[in-house]
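Take a look at the structure below.
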Amino acid sequence: MLEPLPLDSQVLSHFALPSNSTAILAGETDPNLGASPLGHRQAGHDALSFALENWSSVQPILADASRFRSEVFSARLEALPFPKTPATSNPVTPLSTYELDTLSGSSNFSGFVDSYNPQDIYYFQLDTTSDLDLSLTNLATDADLYLAQDTNQNGAIETDEIIASSIEGDTTSEAIALTGLEAGDYAVIVEQYSGGTSYSLNLNADAAGNTLFEARDLGLLIGTSSYRDFVGNSDPQDFYRFSLEDTSNLNLSLSELENDADLFLFQDLNDNGLMDDAEVLASSLASDSQPEIINFGSLAAGTYSVLIDQYIGDTNYNFSLTASPLVQTVWGSLEADTFTVIPGASRMVFSGNGNLEFGTGEYDLLDLSHLLSTDVTFNLATTTGGGLLYDPGNGDRLFDALTLGDGREILFESIDSIAFADTTFDLSVTPNDPLFNEQWNLHMMGVHNAWRFTTGSEEVLVGVQDSGLGVDADGFLHPDLRTTTIFSDNYNDDSTDLSHGTAVQSIIAANANNGIGMSGINWNSSVINIDVLGGETGDYSLAEATAAMIAEAARQGQRLVINMSLGGGGLEPDFEALVANHQEDVLFVIASGNGDQNSLLYPAQLAARYNNVIAVGASWGAEDMYGNSQTPGTRISYPDFWGSNYGEGLTLMGPSEVIATGATPADAGTNFGYETQFNGTSAATPNVAGVASLVWSVNSELTATQVREILSTTAYDLGDPGYDEEYGDGFVNADAAVRRAIALA
């Protein structure tokens, strides 16, 4: 179908070509001759300005437009295409589309619409939720104003995508005002209604709140952030809110002003939503369009507000905030990390978080090799004094401290070694057991750091409810197990294969620093073992074993940590009653199960109901049992083999596939040795129980629920930030937990 374009000699040199259409422009210099093509263009998917190729040939014809013909093949398109044409604030061609990029503050445009160019479309983006004001003024004839959004992302504006409109009559100005418009891509359409008219278009996007209650929340301020906006007669005040995590030097600047605006920093201490005079911390009141600057040193951690206040006239602005923490905190990984002095920081806080590479000679290192050891003042933490209490965000704990010659301070924990130019200080405890360097599980939990403060105490009793212990032909237990309280008719492991109970107990309480075998986590606390698995004659129920252990702890005036690397039986009301009635003095550490499923086994499920129960999941170290590399801390999951259970109630993660003592039945009794891949949540659970016994050893005044809370709040976060049902509160951190317990003593 042919649709002739109406022509006007004043606009003939440029016209808009709709999408997917072809224009043929021809001039007739002699009525007796055929059309002579002067230009030809096939449109793509974008609106185009069509410039004549043979402009010099057309100029004489412009005087007589009746002799000039242009035709369009294809019907008129109703959808308006999204453009790629850059916009100017003062368009000089009859292009109908303008792209403004991100809109912030106030922008002014002028244009012209008539029957030949009936629509001007301005495309823009909002990068954050904003209030939007649009105005169309200085009209000579009637024109309308529309706001639209391409919600179906098809690249065109359709009728049902019009968000708002203003269709006043005659030459009345048009206006649209919307609040809380979400971030996204939008289009403003100026449409001719009758005749032709020039116009002035103002677009004002205001992302800052107009009251303190509506303040734009910038969240935690880290480094430098910048924002563009507008204040003026229609919007005289902009409010912002931000927070500081640490004491910081703060710089605020207000620049690129066109008129006078002022800058205020304040803190709404009385929460009345107003900036009271007494709450103003600093202000900048430069005249005219000079920049406003506030520098505030040593601003304490907290929440603060900023007011940008119009003084005279309208102005866009660029608002910049820079926070330089006086305290710089650096958290290490579960592997070896190096820390050093941070330029500009008056206090540095370093946490090694455990180091599974310790046994290979890779250390969590504080590198001060540019200093002599005599250049610093030491204040190392002990249980009886020294160190500094500091809250890194989850409660006070005791940090080691160094003061540099210039007065700056370094607080640190879980650091294996400090390197100076003249010497090196080793801070970790290294027992002489030959397998210790292979016990990456202890290093990953930071047990070798926690041993600086405690290796266990007689104020704690460790109970192991399991399969019993392997016994050789002479009636002896594994030689690398510490002395254990047993019952004469209930301790021999009758398993036909590996003694599960022997392996479990060794992780907690193998003889340490005796030059033999492996190192247990707890070197000193009493241990009691009761056989509850297998169903043999003399085996105890969970309730019977728990009652016996509670009685033994009460007899000796001890706190009791019970390890239960078991699960899957039915409900035991008598056992659960003991759990409920001993939330002060008994901590239960229970395996979550090995089904690789979103459900904990019983009794680990009790962790969701009682705060003196810890349900433990299993994590890999640097590799799995097949030698495949893994991210340390990742939940163990082998398809079609085993995996650590997860779900509601999961509390902490511990390492699995670790070294443990082995006791294997043989014709002549039992063979003793060592397992290198003791696995399952059965192996992870005694790792956590052993750490719990150290926490209680360093502060026996704590309750069982407090010990669980300490272990949870100091854990190394895994998975989603904070608690999640796949990793609980994270991977157990022995050194941080013990330091927290000391701080509470």
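Using the three backbone atoms N, Cα and C, a Cβ is placed for every residue, glycine included.
TrEMBL annotations: computationally assigned, not manually curated.
Record features, source TrEMBL:
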type     : residues : note
ACT_SITE : Asp466   : active site, charge relay system
ACT_SITE : His500   : active site, charge relay system
ACT_SITE : Ser682   : active site, charge relay system
DOMAIN   : 120-190  : domain 'Peptidase C-terminal archaeal/bacterial'
DOMAIN   : 238-308  : domain 'Peptidase C-terminal archaeal/bacterial'
DOMAIN   : 459-730  : domain 'Peptidase S8/S53'
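On the structure: features taken from TrEMBL.
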residue : record                           : Cβ within 10 Å
Asp466  : active site, charge relay system : 27
His500  : active site, charge relay system : 25
Ser682  : active site, charge relay system : 26
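The DSSP secondary structure for Asp466 (active site, charge relay system) is strand. His500 (active site, charge relay system) and Ser682 (active site, charge relay system) are 9 Å apart (CA-CA, integer value).
Look at the domain 'Peptidase C-terminal archaeal/bacterial' (238-308): DSSP puts its residues at 3 helix, 41 strand, 27 coil. Between the C-alpha atoms of His500 (active site, charge relay system) and Asp466 (active site, charge relay system), the distance comes to 7 Å. Mapped onto three states, the DSSP output places Ser682 (active site, charge relay system) in helix.
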